[in-house]
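What TrEMBL records for this protein:
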ACT_SITE  A:CYS87  active site, nucleophile
ACT_SITE  A:HIS204  active site
ACT_SITE  A:GLU206  active site
Amino acid sequence: MNAAVIVFPGSNRERDVAAALRAGTGSAPAMVWHADTDLPAGTDLVVLPGGFSYGDYLRCGAIAARAPIMDAVRAHAARGGLVLGICNGFQILVESGLLPGILTRNKNLRFICKTQHLKVERVDTRFTSGYQPGQVIEVACAHGEGNYFADPETIERLEGDGRVAFRYCDAAGNVGGLANANGSINDIAGVYSEKLNVLGMMPHPENLIDGAVGGTDGLVLFAGLAKAA
Amino acid sequence: MKARVTVTLKTGVLDPQGKAIEGALGSLGVPGVESVRQGKLFDVELATDDRAEAEATLKSMCEKLLANTVIESYRYDIAG
């Protein structure tokens, strides 16, 4: 399993993702600077970490999405390579056109920072193969702009093609309502690309990789990726 | 050549910041405000005197970067 974590100016979760990859896959990822134009040879998985790339200037992820390395990331995705974008990484994926829709300001205008339950929508993808069908997992939210939006045709297509990866729910698995704090359409917390090789998600699985610090529900995702690659 | 680009949210897209400003205007006692939508404004200087070339450049920069056309629309006005 060869993973590469892209580091943009203003990324701040790249070390947490690297720790999660080490714990889940047994090997350390390459750290790749945004101004590079090539991924390391043999890269299986590219991770775009959370943070505030370019200070969230213009729109979250907008400038990072046009960084030199992103052409290589797009080519990797087009070849069927795995790409995971978390939080700001998800915002970069939608801005770069690798995933549809956009993430806008949280409905309540507040920065949301708390643990969050998610319903795993399907377990037959390379990202979620370690989970049980319908499993409710606990991860962490930390974002100001996580309100997923897309036009009705796009939402219909995503739903029809089973491209919703996770939905916000409560501990009992009830989707939506107060559990959807940012106002995302259809309680969407993560979406897949058409070929299911690109996943963007707002919450942070890399926060939940150690039983001593909240739980290991996030570790399952990284461990599953190691088996899939 | 100078130009001004205005980027605004499309109709129907939720604008919580605009709503908050609207509420603040209400609490300040500013009368008669029916709604507020927040947008962005860019003043751009272009190294050309050719209007058609300037328009092509402006359209390109709006489509590529300044606006996300999933939720935003844009317009540009060339000075003079």
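Keep in mind that glycine also has a Cβ here, set from the backbone N, Cα and C atoms.
The two recorded residues A:HIS204 (active site) and the residue listed as 'active site, nucleophile' have their Cα atoms spaced 7 Å from each other. Under the three-state DSSP scheme, A:CYS87 (active site, nucleophile) falls in the coil class.
Here the Cα atom of A:GLU206 (active site) is found 11 Å from that of A:CYS87 (active site, nucleophile).
Annotation for the active-site residues A:CYS87, A:HIS204, A:GLU206: lowest Cβ count within 10 Å of the residue's own Cβ, A:HIS204. According to DSSP, A:GLU206 (active site) is assigned to a helical segment.
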